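Shown next, in structure tokens, is the structure this report addresses.
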């Protein structure tokens with residue numbers, strides 16, 4: 001009677017996800033399903049979703065780290081779209097990657113043109129010192 005499931009002699013392991021095997025947090029299985037359903041190609045290799053998932057996870061971590069720094073600089077504990085905007089636009093590579101992306105409620109970067117700034121002339125500085 002070897003047909004039943006018994007505890008003795010069972011060598012079944014708990015299944016590990018492809019995300020866990022790759023050491024990722026983002027879901028590899030979901031990315032694979034989306035690649036198959038998206039009609040990007042007739043066939044999808046087994047390594048492609050793992051690679052794409054790792055790239056997506058890295059980009060998300062990079063953006064969130066910079067946005068967290070921007071939130072901390074503004075003395076806030078919650079990341080808002082403004083912090084994402086500041087993080088992306090102040091980073092050269094992320095700005096190049098997401099240059100044509102509009103972030104809702106992101107605002108604009110603070111920038112004052114040089115011609116509009118008050119001029120530092122020597123006469124006004126000397127006159128104020130004499131008084």
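Here the Cβ of each residue, glycine as well, is placed from N, Cα and C on the backbone.
Some features that Swiss-Prot has for this protein:
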CROSSLNK  126  SUMO cross-link
MOD_RES   2  N-acetylserine
MOD_RES   5  N6-acetyllysine
MOD_RES   7  N6-acetyllysine
MOD_RES   105  N5-methylglutamine
MOD_RES   128  phosphoserine
REGION    1-22  region 'Disordered'
SITE      119  site 'Not ubiquitinated'
Pairwise Cα distance for residue 119 (site 'Not ubiquitinated')/the residue listed as 'N5-methylglutamine' [Å, integer]: 34
Three-state secondary structure, residue 105 (N5-methylglutamine) (per DSSP): coil
Assigned conformation of residue 119 (site 'Not ubiquitinated') - DSSP reduced to three states: coil
